[in-house]
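Chemist: The structure follows.
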Amino acid sequence: METKPFMSLGFLKPQCSLAPPPQRGRSGEACSCFTGMCHLHHPRISTGNTQRHLHIPSPSSPSWQTPHLGRHLYQINSSGQVTSSPLSSPTSHRGMHPSLLNPSSMGPSGSLHSPISTLSSPMNGLGSPFSVINSPMGPHSMSSPGMGYGPSVSPQMSQFLCLKNIRTFLKVCHDKFGLRNSELFDPFDLFDVRDFGKVISALSRISHHSIVQIKGVRPFPSEDTALNEDDVYRSLEELADEHDVGEDDIYDCVPCEDDGDDIYEDIIKVEVRQPMKMGMTEDDKRNCCLVEIQETEAKYYKTLEDIEKNYMIPLKQVLSPQDMGAIFVNLEDVIKVHFALLRAIDLNMVSGGNGLGKIFIDFKERLLIYGQYCSHMETAQKTLDELITTREDVKMKVEECTMKVQEGKFKLQDLLVVPMQRVLKYHLLLKELVSHSTDRPDRQQLKEALEAMQDLAMYINEVKRDNETLKKISEFQNSIENLQVKLEEYGRPKIDGELKVSSIVNRTKQDRYIFLFDKVVIVCKRKGYCYELKEIIELQSYKMSDDPMNNRDVKKSSGKMWSYGFYLIHLQGKQGFQFFCKTEDTKRKWMEQFEMAMSNIKPEKATANQHIFQMHTFEKNTNCRACKMLLRGIFYQGYYCSRCGTGAHKECLECITICKINPLDADLGLPSSGPKMVAVRNYHGTPVPPGKTPLSFQTGDFIELLKGEPDTTWWEGKLIQTQKSGFFPNNCVKPCLDPKPLFQSFPSRQPSRETDYYGYPWFAGNMERTQADNLLKSHSSGTYLIRERTAEAERFAISIKFNEEVKHIKVIEKDSWIHITEAKKFESLLELVEYYQSHSLKESFKLLDTTLRYPYKSKERGPASRASTRSPGEPIPVFTPRVVSTAVARYNFAARDMRELSLREGDIVKIYSKIGGDQGWWKGEANDRIGWFPSTYVDEEGVQ
């Protein structure tokens, strides 16, 4: 019998989510090795970002010579069953597996050209979505962070999830393969690459296990090899510290083979559909589209009826209402909606199908129930599998029911996927119909229906992603001791990991574990696998500042670098904090996530047109006032004006018409009947007031106190914005003594000292003149920055490299105007910068004939120019992303994660990848940035 090679950690197969997928490997097939657990991976191509990979040289022992490795992916479930599937991996080199080797980096003898240049970040790929195949592992199953609304929780951004997945793998090795603890490795041996030889040794032992041998898998090595004696293994930890250069979306979501579409096509296929032939008129093609919509809807409804008749009703005999709800979710409501939808489509088709668009527009709101169904579909399948495994009566009843549906061709687990497949097909069917309705009078209505169904698909994806994010937040919550607040009230998690922290007053560096959310920084002390809460820092009261002069290569006695720092500075001069990272790349990642979090809670256009917008959780489905599309997801879906109650997307804030309440004419618009309170923390009804109706609100909301005694826990109040009444804990509010200044702090032309400019590549924060000199002297002429002069009367200064000198210009703020010369005044610093980017400074200074040409951070942080940070020994990337097509942005889109791409209406977008198109996301480039964006926000122009 021919033996098959053993694929290191390749048996951990990734699972798909509705998140934007990653780039694919060189062969075009999804990468699967080490997915979700280790940062070591085989060569791949990334668009726009430099990627470096670790390649292990073959040990000297001849016993490692294993020809033709890597043609199969071996999957080992928690029951010890081994299956294999073919891979299109290149033939590996002597000694290791293609999941660890890049042939291009190997010399003729199998040695490395440059191990340093091929080391990737220890966080890359950790925590990526996967599970042990074929059998769930219960409470120890591996985490599957996808991409929050922009991923749910990025795997590269969560040390917590990385280590959890490694521990899960170790548990399977111990429980299912019988490896002793002494034969395994510590999670940090892999995460920090402290002892990679021990990792390889554990994999070797698994390859010799009888479970694996039964499948004919060739073990490695055949003799003991002193792995830890190899110099490369011993130096990996040091290399990892020095070269933390991994990028974000290596393994955000690895597509796996999914036959869901095949099942859908088999069930919903239309027997009479004719392929569109040459010579058919547009009316013929349109009629084909109409017939397909009608007949596939009829087939789908018949499938729903089959599920109800042959599964739901019979299974009530053996399942509890709780189990029925877990498996079938809200399928009864879905069936009712589609009974009405099919009836409406049939009646419309009798009259020629001219009003079909209006039907889908009218049903959009009723179809939103799919958000709940799709979010719980995977849980439903797992619940069904567990019941079938643990209860013989359920197993027999399900098998009996299965034989009644198309003679057992499809299992119930397969049928549960069909509703999600169907609802995500509507916009595709309508798109085809629109393309063949060019001259029809109902074309505009059909286009509106298409947009409605595209919006519905995006909504369902975001609801599912938010549910995944909330599961991760719950894991964080359960791991932190002494945490009395709900983490979900602080927005979405951005990044977590170990940093060193010191306060501005106490300069002692302390080891801390940091969880960064949109609204807060959770500072903890690690205690084994749990964390002790030390402090909660509310970002609303802080601004971030870089510390470029402290980025010295100073090593502590441990040999690890913690000299790359940045500040959080309190806006009212209270205690600030300084954070220290191991490497410059790690610092960049953290600062980018801080910038994005602050941009989410303090968006630039938060006070546009006299509104006061705050990030908000909408309890009911809400449409954006500007674009009329849904605010997607289930928490912090968008922004809410605390004065007039308007809801909006982040990208639509500036498009909302003027606020209905004039801040100068109303004192909060409040009646003077009771004391006014302001919420100091979120309250969403937990804990529940005994026998009373809770009043939900968020931080910053205004409440009229109706009844409350100082010695009572529960007070009664009325939310000013909605006029709703109810009870709440008295520690959630504080007196609002002088509400009027809250509005008067936002006059239309008053430069605020708290304006957040950290999202701009020219803003340096607090910086002395000498620091600016040192920073700019090595840059090209025309490179500039804007810095804050905290100790001076004038707040800002422009520092610019001109010829061989660095010049400094004070920015004057006076009488609500801002300028560098009396001859030209501006309403804001942003306007001033934009003006001098295209007009020479010689208008004000005759000897300074230059524009503001190059923001000082553009080379250091711009995605298109990361190569400027490349280490001397690193090879220059030769791959240029292939532009598959171009598109024009139809709407504004504001990124909420660093991997998303902000768009302005009219932007030209180069599209690099459509892999995530069925999930609503494409990857492309606009305005010199690369990232993911909603595919429905652009109109594609054509293929290049």
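Just so it is clear, glycine is given a Cβ too, placed from its N, Cα and C backbone atoms.
Got these off TrEMBL a minute ago, pasting:
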- 49-68: region 'Disordered' (REGION)
- 78-118: region 'Disordered' (REGION)
- 78-92: compositional bias 'Polar residues' (COMPBIAS)
- 101-118: compositional bias 'Polar residues' (COMPBIAS)
- 285-463: domain 'DH' (DOMAIN)
- 492-599: domain 'PH' (DOMAIN)
- 610-659: domain 'Phorbol-ester/DAG-type' (DOMAIN)
- 672-738: domain 'SH3' (DOMAIN)
- 762-856: domain 'SH2' (DOMAIN)
- 882-943: domain 'SH3' (DOMAIN)
Chemist: What does the DSSP secondary structure composition of the domain 'PH' (492-599) look like, as residue counts for helix, strand and coil?
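Modeler: Summed over the domain 'PH' (492-599), the classes give 22 helix, 55 strand, 31 coil.
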Chemist: Where among 610-659, 672-738, 882-943 do we find the most Cβ pairs under 8 Å to the domain 'PH' (492-599)?
Modeler: 882-943
Chemist: Using DSSP, how many residues in the domain 'SH2' (762-856) fall into helix, strand and coil?
Modeler: 19 helix, 37 strand, 39 coil
Chemist: For the domain 'SH3' (882-943), report the average pLDDT of the model, please.
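Modeler: Across the residues of the domain 'SH3' (882-943) the model's pLDDT averages 81 on the 0 to 100 scale.
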